[in-house]
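Could you have a look at this structure, given as structure tokens, before my questions?
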């Protein structure tokens, strides 16, 4: 086998390996993002709670739920520079 063919096969193998590894990392990231909602994202008490002890606030009829920090947490974050 010529060196060019060997180099090509090595390159194709490396690209395939990197692609599979990237897909695994992406699926882990997507799964962790689904587990909880960040501030100002939609939430549901049963299926998608808020991250970082943020409250899930809903409209008066129980729809349009959104993760929101209370005023005290907002002031603390502002004071800490977050």
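A Cβ is built for glycine as well, from the same backbone N, Cα and C atoms used for every other residue.
From Swiss-Prot, for reference:
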DISULFID  36-51  disulfide bond
DISULFID  43-56  disulfide bond
DISULFID  50-67  disulfide bond
DISULFID  58-65  disulfide bond
SIGNAL    1-22  signal peptide
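Could you place these features in context, so I can see how deep they sit and what lies close by?
Residue environment of residue 36 (disulfide bond) contains 15 other Cβ atoms, counted within 10 Å of its Cβ in all protein chains.
Around the Cβ of residue 56 (disulfide bond), 16 further Cβ atoms fall within 10 Å across all displayed protein chains.
Cβ-based neighbour count (10 Å, all protein chains) for residue 50 (disulfide bond) stands at 23.
Classification of residue 65 (disulfide bond) by DSSP places it in coil, neither helical nor stranded. All protein chains shown were included, and the count of other CB atoms within 10 Å of the CB of residue 65 (disulfide bond) stands at 18.
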Using Cα-Cα distances with a 10 Å cut-off, which of the disulfide-bonded residues 43, 56, 58, 65 are near residue 36 (disulfide bond)?
43
Can you tell me how many other Cβ atoms are located within 10 Å of the Cβ belonging to residue 67 (disulfide bond)?
21
Which of the three DSSP-derived classes (helix, strand, coil) applies to residue 56 (disulfide bond)?
strand
